[in-house]
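Taken verbatim from Swiss-Prot:
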type	residues	note
ACT_SITE	175	active site, proton acceptor
BINDING	59, 60, 61, 62, 63, 64, 65, 66, 67, 81	ATP binding site
COMPBIAS	428-444	compositional bias 'Pro residues'
DOMAIN	53-303	domain 'Protein kinase'
MOD_RES	1	N-acetylmethionine
MOD_RES	208	phosphothreonine
MOD_RES	435	phosphoserine
MOD_RES	523	phosphoserine
MOD_RES	544	phosphoserine
MOD_RES	547	phosphoserine
MOD_RES	573	phosphoserine
């Protein structure tokens, strides 16, 4: 079997074998930052993982395999995730696995887990990923109970930077939680688990109800269609609440109470208010149209306090000025005007920045609770196809309520592929005009919250929960319309051969001409070269636990070289501009990384600590008015 590599589409005109364009072709819309393009190229060599890596301890186990820590010959530590094809019984889960590989290999950001290499043979898929040695953010916060405001801002800025980058490239994560946010050896954020991610498009709605209960938005728990970014914004609000206050904002012990709290936005008032309370309230708005976007968060004053530039912006070089020059004051005035604009538009005063007294009433404070990702979706189409599909086509072909069936869960032991045909549903819904006399499309009565959640590893994909995990029972979205024609039933023998599912022209590597016609996921044999039916794969019992260490050969799907990551530079903080310095933090666990005690260090300077904040603010506004 020939091996495949992913290479950038640059230089001369690609050959016919390189015309299969995966989803990354449709990801690049914004000029900055760019994502990596991919194309498929054939090579004629195989790889033995036993000779390439020294396997160490196991990091986690899932339904389809395990994640092991390994060391390359160069000494670099990596996390190797092996997926056994004979364990994949649901085409939807296979689609999520492929989507995770293609999206993560396309993203290039210092705070997103990188995929180094992907291997595949007839029985396994092996993914070599970046290793985050300090575990996940859940364990880090649990050990320290509560972070300082400086450390909370440091973490949140990096999370916002990564999610903002994803949204710039029209990728929505949909499963942001503490367990999916890892820490590397330097204490920097690394977002993992893109198994539930997808592309989104303005004006169209996604209809996959997934995520983790305590981080799920009101649209998710109530089964309402959503665009995509607003779901991540709500999850960021929950994360910010946890980072600042050290507790969960909602009560997760009773799912009925949890649904009511999320639907009403009734999160617990913290016992000790913070300067971030305004941003938390903005992110946890029940109305998604009023909820803060990632652009709003990236330019918010609390997120950028102590930094000369907002999240996602590069520091502009100074032209011969010192911190007290007009140029520096103008920069500060522009920053204050931009970051305080939402407050001024809402008629807020400068005093609204100050902390308020905690409201009365004694309510128990919930602790941190690990979350298990939920997945309830009608099977989503090719992500690349969703970019080229016409709105009229989406409106004309919608399955009726009588034609919908609950999708098969990934934890069911028996899969009857010969009895039921795989039905393909559109991944997005176009807005439906409703006349005054016409009833609105019915929505499900039940959300995704039905049973207790289980622990899930950040390295393991959401479609691959822990062995003790359980898929929740959920209602579907029913949209009035003409029923869609079903596919003919598949032959039961087609599920025996799972070869080359990541290589040929599958769901995520179709050309523009192929996207014009409606496509289906197809069987696993349709994604691979035809093989004789007489040669069946080995039974699951014949595969040992340490089969990844065997001498079998793998085809390599080499990914393109990642763009060099710019070094994380220090920047002049507001403290330096105003001549203020903060004392070094004391106490164990207050800092995660080595903070440099120099004028360029990060700052946790709070607005409430400045005695003449009103005068400073007015002076900045006067400078701003003179410049304009």
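Just so it is clear, glycine is given a Cβ too, placed from its N, Cα and C backbone atoms.
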Please give the greatest C-alpha separation between any two of the ATP-binding residues 59, 60, 61, 62, 63, 64, 65, 66, 67, 81, in angstrom, as a whole number. 14
Helix, strand or coil for residue 61 (ATP binding site)? Use DSSP. strand
Averaged across the domain 'Protein kinase' (53-303), what pLDDT does the model get? Just tell me the whole number, please. 90
Checking the binding-site residues 59, 67 for other Cβ atoms within 10 Å of each Cβ, the smallest tally belongs to 59
What does the structure give for the C-alpha distance between residue 63 (ATP binding site) and residue 175 (active site, proton acceptor)? Integer Å is fine. 19
What does DSSP say about the residue listed as 'active site, proton acceptor': helix, strand or coil? coil
Other C-beta atoms that fall within 10 angstroms of the C-beta of residue 65 (ATP binding site): 24
Rounded Cα separation (Å) that holds between residue 59 (ATP binding site) and the residue listed as 'active site, proton acceptor': 20
Rounded distance in angstrom between the Cα atoms of residue 67 (ATP binding site) and the residue listed as 'phosphothreonine': 27
Nearest-integer angstrom distance between the alpha carbons (Cα) of residue 175 (active site, proton acceptor) and residue 208 (phosphothreonine): 12
Please identify, from the recorded positions 63, 208, the residue with the sparsest Cβ neighbourhood, meaning fewest other Cβ atoms within 10 angstroms. 63
